[in-house]
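Feature annotations, reproduced from TrEMBL:
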- Lys7, Phe8, Gly9, Gly10, Thr174, Asp175, Tyr180, Arg185, Lys210, Val211: ATP binding site (BINDING)
- Thr47, Glu74: substrate binding site (BINDING)
- 268-348: domain 'ACT' (DOMAIN)
- 350-412: domain 'ACT' (DOMAIN)
Amino acid sequence: MPVLVMKFGGTSVATLDRIKRAAKRVGLEVAKGYDVIVIVSAMSGKTNELVGWVNETSPLYDAREYDAVVSSGENVTAGLMALTLQEMGVPARSWQGWQVPVKTTDAHSAARIEEIPPENITAKFAEGMKVAVVAGFQGVSPEGRITTLGRGGSDTTAVAFAAAFDAERCDIYTDVDGVYTTDPRISPKARKLDKISFEEMLELASLGAKVLQTRSVELAMRYKVKLRVLSSFEEPSDEAGTLVCDEEETMENRPVSGIAYSRDEAKMTLISVADRPGIAAAIFGPLSDAGVNVDMIIQNIADEGRTDMTFSCPTDQVMRAEKALQEAKDSGEINYSELVADTEVCKISAVGIGMRSQSGVASTMFKTLSDEGINIKVIATSEIKISVLIDRKYLELAVQSLHDAFELDKAE
Ligand code: ADP
Ligand code: ASP
Ligand code: MG
């Protein structure tokens, strides 16, 4: 039997009614002759609540226990979805990550899937089970402990299962009807794309567009998974949603194809550090060891022999960063006069494969922001993206005005 993977995000399983609705869609695919692997998220808001409880209990928590707690939301929805399908007369069984097993690295809270042996589930399909409902977002480490794959990780679970079972397609059901030129909740003019290239989707995702987890796009690209994003609230149709596919299959050829944002960024500046060989390693080594994801970095010369070093990281890692840098200072590895944290910034990025061959994107971006009176604090560029750090209060304005400036509301 051909295998289909269907993933339902938090809003699609937020209530028992919605689980029923999702189960009906699964039933339609079973009726078409598929063996279906359903990947479920926790009910919407549940993971945030669990993360909140962990933070309240232990701000610099042990990530193994974080995983034990935050993985639990998916267990509930997996069981409920299996029960709902059984009530409909569809033979279904739930699986937690460790039962499959979804083997991951031991990088707790940000683990990577290493292997999904298909045998256990395949054997059940052979016995007549029609649907395997798998708890997304979670796996098991080589030591046998529960791991999680980072926020939004159920997308990655879904794509990894599609690859492991050579599925015909991986359908990501969510609360929007596809991938848009920017977050439709921020810009009412956002336009739905019928297709988007893996590369652009990868860049958008890694720059904050949470419609797909970055790692899921990487895996789909590597294993040639046919990946579709669609709404669980609209009538089923074969043409629905957005197909994420190879560059040659996409139609548009404009310099910028999307605007992404990341709301919770912090800008940290170490004032007056010694400007000597090895200083960057001395600063960023301890940060990396502390699990801080440093993103942008700039160094500017202050006085003779001294320099200011600025970097950005997610706001929820500021405490870890401060602790790691203070320890490095106390042990004499680095010396700085002050550490200034600006936790009120966000990152806005323009993304497009067309940037490789068309110039002028940076100047349009900077002029647009300047016309709105928005000050740029840090800039970073790569072949197909330009990112800026700005005050968070301007997030909506920046996204909307850049979307207008690059005429993303208009189809080519
Ligand atoms: P789920 O719970 O189904 O995994 P998420 O909340 O993780 O859903 O992702 C879907 C959300 O992603 C949408 O509600 C939307 O606000 C946001 N989003 C951000 N950027 C985009 C984009 N370019 N296209 C579509 N949705 C986007
Ligand atoms: N429930 C997890 C989260 O909210 C995983 C997911 O929904 O993809 O991050
Ligand atoms: Mg998600």
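We count from 1, first residue shown onward.
Just so you know, glycine gets a Cβ as well, placed from its N, Cα and C.
Curation does not apply to TrEMBL; its annotations are automatic.
These numbers come from a predicted model, not from an experiment.
The binding-site residues recorded for this entry are Lys7, Thr174, Lys210, and the Cα of Lys7 lies nearest to that of Glu74 (substrate binding site).
Using DSSP to sort the residues of the domain 'ACT' (268-348) gives these counts of helix, strand and coil: 27 helix, 32 strand, 22 coil. Cβ neighbours within 10 Å of Thr174 (ATP binding site), excluding its own Cβ and spanning all shown chains: 24. Checked against ligand 1, the binding-site residues Lys7, Thr47, Glu74 give no residue with a Cβ less than 6 Å away from one of its atoms. Straight-line distance linking the Cα atoms of Gly9 (ATP binding site) and Thr47 (substrate binding site), rounded to a whole number, equals 12 Å. Spacing of Thr174 (ATP binding site) relative to Thr47 (substrate binding site) is 16 Å (Cα to Cα, whole number). Put plainly, the binding-site residues Lys7, Lys210 were compared by Cβ crowding within 10 Å, and the winner is Lys7. Proximity of the binding-site residues Lys7, Gly9, Thr47, Glu74, Tyr180 to ligand 3, judged by a Cβ distance under 6 angstroms to any of its atoms, singles out Gly9 in sequence order. Helix first, then strand, then coil: DSSP counts for the domain 'ACT' (350-412) stand at 29 helix, 14 strand, 20 coil. Ranked by Cβ neighbours within 10 A across all protein chains shown, the binding-site residues Gly9, Thr47, Glu74, Tyr180 are led by Glu74.
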